[in-house]
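Report on one structure; see the data block that follows.
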Amino acid sequence: MSGLSSYDGVLNHFPSVRGLWVPSGRTADAIQGDGSADELDHTNTRHRSPRSPRSRRNSNQSRSRSTSEDSHRSTQSSSTPSHKPLKLNYKCKFILRGHRKGVVQVRYSPNGRWIASCSADGTIKIWDAETGKHLRTMEGHLAGVSTIAWSPDSNTIASGSDDKVIRLWDRATGKPYLTPLLGHHNYVYSVAFSPKGNVIASGSYDEAVFLWDLRARRQMRSLPAHSDPVGAVDFILDGTLVCSCSTDGLIRVWDIATGQCLRTLVHEDNAPVTTVRFSPNGRYILSHTLDSCIRLWDYVAGTCKKTYQGHVNNKYSLGGSFGFSGNQGFISSGSEDGDILFWDVSTKELIQKVHGHEGVVCWVDTAPGPNGAIVSAGLDGTVRIWVDVGDEDGSPRLDDLHLESQKADHVKQENGEDEDMGGYRDEERDDRDEERQRRYSNDTPRDDMSVDRERSRERDMDKDRERESERDRSELRSLEKMEED
């Protein structure tokens, strides 16, 4: 991403489902009904454990730098050249139903074809990003699922739960790999794949960040990261750094090769940080905090560059994302009042606000590429897909997609009747063939030999990707078989 991308601070993930603030000692299984905001209002009293002397010392050292830089940038912004106004017009296209409780996180796959959602009902669901069709329901956790992450090849999903377990799932079959990742002593709040897909970082209520070697299926490093629960972790683009955040008010940047903490970030308000995310260009960290602020940090300088406001975030762990409209960047986030908000990254201007859900909007994610759709998750139990319709007067078609009961879904999958992923590779090829056909239609001047060469090259690349994915799956199956023996 060019220019600044924003998140400031790190949002809190408290015992239970990610995006859902629940007081200490209360798990996702204790949440009844659909997990609405009204149902949980009486529990929303924040409890923080005492900070260690080291945490307080780091906090004091960093405050003055963070404050002065933020105000300095605000002064500069008034004298910068005029910025082309960014316009967005996101409208809801699909409402996806099926989870029995609040949905706390949603993620687009790296290739943009699928959406994964996780819920306090203990399940993970896979949806077709283009049509909104339900494809898979993954069951196996013994408590609410707080976090999910896609592998870089879009073939594997990692999930973390209140049952203290991290599981890996095969997207194509919906089945878990036999060996879960065990080691955390409390709720798992966050998981993230490295860009190469060979390492997973995880954060937990036990205040630690773990790094896992996926090939060996073992913990390779434990980082004594924070003095309070760890709400989120994220890898930088080249995979050399991991950032983490906590309710202790700190954001930390780690060298994964040495386990050394390279930088500690803290704002003068020292609000609990619930989520963090590296910007696409790797230069900044975006954080959510429980003072209704989203902040963009220059982690090398240790300073807060921009603060985005307008949403409500005092009780729950909310997540947002970066996006692009043309060559301009924006930030999107949910809000506790049911809205979804969009800010211009550069100017901090609030450029759109839409009513997103009936209750808290826990998570927002953006599809890969410019002008991408966004997906949101809420405590109302729904997942919603939004598209930017530009200057159109009318809204796109709104499809309210109702799923059958979870039991029916499970029975269909067990009987092999689910119409989900059968032939998904053929569908993927068909989509690419249609695109190529449009690209090389008779209306476009072309060199037939050049067209044939490009088609052949693309087919070869498709085959290479499939072979590589099959090798990875075969290696994982071999490792599991060895462990069984």
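Cβ coordinates come from backbone N, Cα and C, glycine included.
Annotations in TrEMBL come from automatic prediction, not curation.
Because the structure is a prediction, the values reported are computed rather than measured.
The compositional bias 'Basic residues' annotation in TrEMBL covers 45-57. Per TrEMBL, the feature compositional bias 'Basic and acidic residues' maps to 404-415, 434-485. The domain 'WDR5-like beta-propeller' feature in TrEMBL is assigned to 96-386. Residues or ranges marked as region 'Disordered' by TrEMBL: 28-85, 404-485. The repeat 'WD' annotation in TrEMBL covers 96-137, 138-179, 181-222, 223-264, 266-307, 324-353, 354-386.
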- If you count CB pairs under 8 A between the repeat 'WD' (324-353) and each of 96-137, 138-179, 181-222, 223-264, 266-307, the winner is 266-307
- Any idea what the model's mean pLDDT is for the repeat 'WD' (223-264)? 95
- Secondary structure tally of the repeat 'WD' (96-137) (DSSP, helix then strand then coil): 0 helix, 23 strand, 19 coil
- Item | DSSP residue counts for the repeat 'WD' (223-264), split into helix, strand and coil | 0 helix, 22 strand, 20 coil
